[in-house]
Amino acid sequence: MTLAEKLALVVLVTCACAVVSTASPLDPDRYFLVEAEPRAQPEDYRLNDDVWPTHYDIEIKPYLEQEGNKAQFTFDGSAKITVSTQKQNVMQIKLHMARMDITAWSVTRKSDNTIIPTLPQTYDQETQILTLPLSSALQANVEYVLSFTYVGNMDDDMHGFYRSYYWEDGVKVWMGSTQFQQTHARRAFPCFDEPRFKATFQLKINHKTQYNVYSNTAIVGTAVAEVGRSLTTFGVTPSMSSYLIAFIVAPYQINDRDGMGILARPQAQNQTQYSLDVGIKLLKALDEWLDYPYASMPAMTRMYMAAVPDFSAGAMENWGLLTYREANILYRSDDSTSMQQQRIATVISHEIAHQWFGDLVTCEWWDVAWLNEGFARYYEYYATALVETNWDFEDQFVVAQLQSVMQMDSLRSTHPMTHPVYTQAESSAIFDSITYNKGAVVLRMMEHYLTTETFKTALRAYIKDRAFKTTRPEDLFSALNRYDPNARSYMEPWTVQPGYPLVTVTSHDTGFTVTQKRFLVNEPDHNEQTAWPLPITFATKASEFSITRPAFYTGMTFEIPMQGASDVEYFILNNQQVGYYRVNYDAILWGKISKALHSEGFGGIHVLNRAQIVDDLFNLARGDVVPYGTALEILEYLKEETEYAPWLAAVNGLTTLSRRIHADDEKLFAAHILDIFSKAYDIVKFQAPTATERRIFTYMRQNVLQWACNYGHEECSKAAVAEFHRYHQNPSVKVHPDLGQVVYCEGIRKGSMEEFEFLWNQYLTTNMATEQLLILQGLGCASSSELITIMLDAITSPHVRSQDKSNAFTYVINNLYTLPHVSRYLQQNHAIWAASHGSYANVASAFNNVLARLKSDSERDVISAFIESNKNILGQAAYDSIKTGLEDYETNKQFTLRNRDEIHEFLDNKINGGAATILANVSMIVGLLMLLLAR
């Protein structure tokens, strides 16, 4: 049986099993998407504040295999919740539960165990709120105990208390783990499942003796529960939110030292040392930076970090038991790239930072989740920089965080950092790049304004003030205002207003006029009058870029006076891109900037401002603010660029542009790519990293090689294919991980079934999650219709874990030649795709990702016809989603047609017009911009 036949059989059997055990994948009700409008009143999704919990006693008894009449993947549970009220006439208690059957419940007065008479409970399936009616009112300031016994389910969707597995010597080993954020603790035990309801918890787990168990706190007792089972009791937690409780039932082993331990499956223990070492250093660094030692938090006598095979999030900050995808914590230098090592360090830093920002001090509700995630993302870079001191995190932050969030935040559909949410879907959706990236960017902006020392002092006071409590933005603003009375007025508008400004600078003899207007990439002519307090710095020569403490300016327009303004070499706003805004200049200033960029040493322009200029030009051209011809002419300077940050900004801009290049201009565009990357390729060379090179130089090499090979650089392709063949012949000597992506991709793209089967076998047999991700990237470069189909079959099979399916699909469709094949596959296998990925929502998402990259009207028409003839199967929500994707295709097409002539003229002049035409011609740039300003 061939590989294709095997995978197709696995897919069919798996999906047939799913159909038998659940529902037909053609049943649209099963795949009904979350409605855009809540199915209850928004306030009904929130608990009232009548009753507050203070303590939980919870016992869980999981069944990872059938035991008597106990079904596999269920658990017995009991919960006793101590509650009280400060109100009069409280006649009912509301709390959350989901995916469980409550077999008994009662309410008693704690002091004397008096039973409180109750009425039959009611349950709202939509809001997941359980209402316990009482026959008589609760007394104010008296403690009561809510007691529940129930049966829960260990699902495989990576939420609640769920099941996962790993393979050991060919045997499937089942285990249980948890993921409760944002609204899934209620699937493990009835609870007040909102962050504001903090309480202490004591957990007991009744488990089979071959399993080890772990939770937030240390084990305080173990007893024999019954034959073959133990009852393990954990210490009482600090007062904390329900979403931070965690527990694991698994035959794991631990690598521990100095109060920290890494938990992993036995065969992965050889991958835990780096995480342990860097985790200890990061915890110490944050202890000192925040002046609030982790060990001083009650019951936090140690910190465990666990690698979980199936994990929906990247990682989770459960207090004292941090959980991670394996790829985000397990590392070996032989099998992981330098960037994967950095990701492991930064994700660990992110989760450790949450022990203060999120666990000790918790956002009051998800509408201000940035108070958790913005700080964690900030420390993800700046705490790791204290430990891994040579990785240039400041350079990376600007492009990876600030510039990336500007993409989403330039759309009308964006939202403010502080934004109302009510439903479960809304609570989940708020965890996006606005909450994470923009939150961190605004904090960095305030740090530069206040100075690092003042910022640190203010945050230390904030942590001490809000310890074991919840927090709102006004609590943070109050802490900052103690050290600068303007802090709130400067910071708050950035948190409550969506988007960011485009700042336009025009020059005159005595200075510069600065105006601001919200930047909406698809609406350049809007009349919105939103204004922000602008943090202003500027440089007219190299020595001034180090000045990053801004002065804030308010108003839509203001002046920056300067004697001899017309004589400066250049005028560049926003030193090191500390401020969160784009900058456009008049024709004269763009001309000066272009001249400097094309001069030796780039005119002394700071590397981060070069990255800023690159990113701004791509996006100002995309937003019809600067002509594409002008932007591309200035960006020709990249042929001499040698630094990672500007090149990463360029790669991001070129990725977007490549999807909008007219199909008839793709050969010209490919020649342009090879030209601007030519010198960079010669600098980085097709070679493994040297021991002395800068870390970000290694990252730059990965980008340059990927683009060079993808666009047909002969030397790059030849070297990559040769290395793949060498590895094929001698698999015991692996490809260097930092070359793996390009080698695997090019080997598969230029290879046959034999090469594909070889690499697929490496995927199946490797013990490293990081290596599996590298291999999936390579397999996604399959170029024949047969291999693309096999790859898509592999994605739908159980061989690719649910958490990796989305990434694997993206690796395929990022190679634009696959799009027609992928479209046909989805049309022919939509039911299998829905069953494998969980719903027809994922079918809609797959089609929309194809449409976002597609440049073929005929293929668009095929997709349109397909959804019309399958509307009932898709369901209304999936159908509507794909209809929106088709509308977006038309918008993208019009963008391509609108800008085609200008882009084509630039490319044609450059490629076919000779070297003289492509030299940076400042006068032409000035002329083009003069025309623009006259529009």
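Placement of Cβ uses the backbone N, Cα and C atoms for every residue, glycine included.
Residues or ranges marked as signal peptide in TrEMBL: 1-23.
Among the features that TrEMBL reports, domain 'Aminopeptidase N-like N-terminal' is placed at 53-244.
Among the features that TrEMBL reports, domain 'Peptidase M1 membrane alanine aminopeptidase' is placed at 274-494.
Per TrEMBL, the feature Zn(2+) binding site maps to HIS350, HIS354, GLU373. Take the CB of HIS350 (Zn(2+) binding site) and look out to 10 A: across all protein chains shown you find 27 other CB atoms.
Sequence annotations record features per position, and here TrEMBL assigns site 'Transition state stabilizer' to TYR436. Counting Cβ atoms from all protein chains shown, TYR436 (site 'Transition state stabilizer') has 22 others lying within 10 Å of its own Cβ.
Here TrEMBL flags 571-887 as domain 'ERAP1-like C-terminal'.
Per TrEMBL, transmembrane segment is recorded for 913-934.
Taking Cβ-Cβ distances under 8 Å and a sequence separation of 6 or more, the neighbours of HIS354 (Zn(2+) binding site) in its chain are GLU317, ASN372, ALA376.
With a cut-off of 8 Å between CB atoms and residues at least 6 apart in sequence, the same chain places GLY358, PHE431, THR435, TYR436, GLY439 near GLU373 (Zn(2+) binding site), listed in sequence order.
Residues HIS350, HIS354, GLU373 make up the record's Zn(2+) site, and a Cβ search at 8 Å around their centroid adds GLU317, GLU351, ALA353, PHE357, GLY358, ASN372, PHE375, ALA376, ARG377, TYR379, GLU380, TYR436 from the same chain. Mean pLDDT for the domain 'ERAP1-like C-terminal' (571-887) in this predicted model: 96.
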